[in-house]
Amino acid sequence: MSRKTPLLILSAAAWAGFNIVMVWMVAFLAGIAVPRVVDGPTRTNTALAVTVDLALLLLFAVQHSAMARPGVKAVIHGRTPAGLERTVYVLATEACLVLILALWQPFGGPVWHLHGIPALLLWLLYAAGWLLATTATYAVDHLELTGLRQAGWAAPPDPDRPDKLQVNGLHALVRHPLMAGLLVAFWATPHLGASHLLFAAGATAYIVVGIRFEERDLRRTFGAAYDAYAARVPAILPGLRVRRGPQPGRAATMGDAAGSAPKPSTSSQEGTR
């Protein structure tokens, strides 16, 4: 057996788990096909349910953010086989999501409950949100985002390749297409209950904060090139722009400044590293 075989197996298992958890999340929010759904039957009192749910959301936020910090990444890099750092991150994220899906405590009553054409339109919007989020992972580098490239399933990322700002495809419409898709999926439902509202609000708060930090990093990396990109492309909603003044940052590469078509990179906001 090749020394790389265990790495390939583990990274493939992480990728498969990623897809399973995403399908589970789709069913969880839609209220179908899984034993526990976001607005399912109440199992405990409201105070305890809210406490548990907030703790689950906080656990995910801490894991997803802390493991993306350079210091934590350096520790993981020093303690895992080469090429598995991203796989470890993906597996930890999956574990936190599974805890949410398996331990979520529904509570409260309906906030809105729609029928007929409005309900159908919201279901279509829900599907569109997940489709956008999925497509956005391929708009950067799906193999690198899920750890398959680093583990050896494809040509490894070139450490000497300069970061390139992704501005084409979906990123020509909004700067954060993955986050836009997730926000649509979290809120587009014809049957919104109190516990779904808590989930959507908590996830939205995390996404908003995460985007602010990611934009800061992108401006530090790409400087004026990112300022120009942000001036013409909205963050989440097509056609909605919030103008900001120039912020200090490292000068962009010659290719960025010249407006040449850059290669996709997980240095964009979709990389969540």
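From the backbone N, Cα and C atoms, a Cβ is placed for every residue, glycine too.
Residues or ranges marked as compositional bias 'Polar residues' by TrEMBL: 263-273.
TrEMBL lists 241-273 with the feature region 'Disordered'.
With a threshold of 8 Å between CB atoms, the same-chain residues lying at least 6 positions outside the transmembrane segment (7-34) that come near it are 40, 81, 83-84, 87, 90-91, 94, 97-98, 101, 104, 126, 130, 134, 146-148, 150-153, 185-186, 189, 191, 196, 199. For 7-34 (among others), the entry in TrEMBL reads transmembrane segment.
Residues 73, 76, 89, 92-93, 96-97, 99-100, 103-108, 195, 198-199, 202-203, 206, 210, 272 of the same chain lie 6 or more positions beyond the ends of the transmembrane segment (46-67) yet place their CB under 8 Å from a CB of it. Summarising the annotation, TrEMBL assigns transmembrane segment to 46-67 (among others).
What TrEMBL records for 88-107 (among others) is transmembrane segment.
The transmembrane segment annotation in TrEMBL covers 119-140 (among others).
Taking Cβ pairs closer than 8 Å, the transmembrane segment (194-213) reaches residues 29, 38-39, 49-50, 53-54, 57, 60-61, 64-65, 104-111, 176, 179, 182-183, 186-187, 235-236, 269, 272 in its own chain, all 6 or more past its ends. Positions annotated as transmembrane segment by TrEMBL: 194-213 (among others).
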